[in-house]
Amino acid sequence: MDITGDVSIRGNRWQRLFRRQQGQKASGEGQDGVKDKGKHNTFLADQFYYVWLQVMILPIVYNWVIIILRTCFTMIALSYLPVWLTLDYVSDLMYMIDMIITLHTGYLDQGILVKDLIQLRKRYLRSKHFLWDVASILPFDFLYFAFGIQTPLVRINRLLRIPRLNEALDRMETKTSYPNTFRIAKLMIYIFVLIHWNTCLYFALSSCLGFGSDDWVYPNITDTEFGSMRRQYFYCFWFSTQILTTLGDIPHPEREEAFLFMITDLLIAVLVFASIVGNIGNVITNLRDRDNAFFPNHELVKAYLRSHHISKELRERINNWYQHLYINKKIMRENEILEQLPLHMRTEIAVSVHLCTLSKVTIFQNCDRSLLEELVLKLTPQVRNPGEYVCRKGDVGHEMYIIKEGKLAVVADDGVTEFAVLSDGNFFGEISILNIKGNKSGNRRTANIRSIGYSDLFSLSKEDLTDVLSEFPAAKRHLEEKGRQILTKMGMLEESGEKEEGEGEKVEIKIKRLESNLEVLQTKLARLMMELESSNRKMQARVAQLELEVSELESQLPEDDGERDRTPGREQEEDKKPQRLPGVFQSSS
């Protein structure tokens, strides 16, 4: 660790290098115009499709809310008839535009995006969604001529676009950063639509039974207090809310129709109540699981401390540490949270989150981007309490530290004298994990580091750094050179260290040379063994052939003896001729 001023050097050289590499990469991809244009167009198409789905929520919700409202509240329907007709045909126009957009929407076939218009047309026209879309825009409005303009129920087929609404809500829930809040909002919208429909049906049933005929139905509309449109809707909405929530003291029904309506509403209320309780319970469970994933379980820790009678001072420190984590949203388990993502995505997230911190670390400013990507996945976040020692002089070092946020003091052995103050972007502890030859302290800590306030640190273990540097020898030499410079300033580097390092390198070279010579000798020996084996096989074959010829010669000897008995003169002549040995040169005489 450098306490003479190098720790305070900060720069954005690595950040500029990172931006330059990103620019070169972007320019390299830009040379392939088709590829770059395709990616840009795909992104714009995805954004446009997502925005269009959000826009389509408006006409679908409009039809689900207004059609039943105009059907049951005739006064509202006739009072604003031009507005309703205009909105009706605007929603119809959006329905038709949505069909055109759906016709041009690509789909994935075995992971490949299909954009051919002919295939898209065939797939859409043969799907059930096309039938639902066509049924939702059939011009039943011509029935106005038969039933009158005050009967908007002829547009009931416009409610068939509910699958499109579900798709839009699912896309929004996937993309939102607050899914639990979105689920609660979606549930409240569903409950509002349900109460709205129940409101309209209650008013229509009251109209059929007669306004003011009993205490259960809507009061007589001839009364000025209950004759206005707003009072009609708000009273019915309040009455329906009381029924479905089963919280209010409502009048008892007196007719069979009212009884059936109340029974149906109470059954629906049971389902609605169960749905609300279930959804709220799921949201609370998700929030608790999220907290347990982000932060350690404080209740278990407190129970453990109580059971072992830990001192009050230590318990207070632990409680303050946990409170600091929770209030400032300090996440300590990043790797566990992101382990479900692919490796390249985790790398991109880690680089995005920790780029500002790494750009301030001078020791990493000249390193390759691939090295930084490897290192950033190995970083482990830590939070230290005020006055807590991060490391003490003489301790065995197993990890180095990078300061993300906070201040740490380099103090003397007395714990009072401060030599230097380390702040954001500084690092320390690298000397004890680099194994620099000639280091007088070995792998021991060379200073006392104490946290002044709450400090956020990143730790990098010796094993992880060694594994990463094994693939980047240039970066390893750079870090070791930096460490030797620091040790030289502190007077902790032995002069013979470099000589020992040189001798060690020579020994390694000799060992590598001996290993290469041994490999050559092993190759030659293997070749000689193969040649010897081949010669042995040839010799055995030759001996077998000689034995065969000798056996054939022995089988012919009795016949030759008989001939010699009959022609003794010829035997003398044969004795004079040279004998023919098997396998020896033979003349053709």
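One is the number of the first residue shown, and numbering goes on along the chain from there.
Here the Cβ of each residue, glycine as well, is placed from N, Cα and C on the backbone.
Summarising the annotation, TrEMBL assigns transmembrane segment to 130-149 (among others).
Long-range contacts of the transmembrane segment (187-212) within the same chain, counting only residues at least 6 positions beyond its ends with a Cβ under 8 Å from a Cβ of the stretch, are 61, 64-65, 68-69, 71-73, 218-223, 232-233, 236-237, 239-241, 243-244, 255, 257-258, 261, 265, 268, 272, 275-276, 279. Under the heading transmembrane segment, TrEMBL lists 187-212 (among others).
TrEMBL lists 258-280 (among others) with the feature transmembrane segment.
In the predicted model, the domain 'Cyclic nucleotide-binding' (363-477) has a mean pLDDT of 81. Here TrEMBL flags 363-477 as domain 'Cyclic nucleotide-binding'.
Look at TrEMBL and you will find 550-589 tagged as region 'Disordered'.
Under the heading compositional bias 'Acidic residues', TrEMBL lists 550-562.
Feature annotation from TrEMBL assigns compositional bias 'Basic and acidic residues' to 563-578.
Using a Cβ-Cβ cut-off under 8 Å and counting only residues 6 or more beyond its ends in the same chain, the transmembrane segment (258-280) has close neighbours at 183-184, 187, 191, 194, 198, 201-202, 205, 209, 216-217, 240, 243-246. Residue counts for the domain 'Cyclic nucleotide-binding' (363-477) by DSSP state, with H, G and I taken as helix and E and B as strand, are 27 helix, 40 strand, 48 coil.
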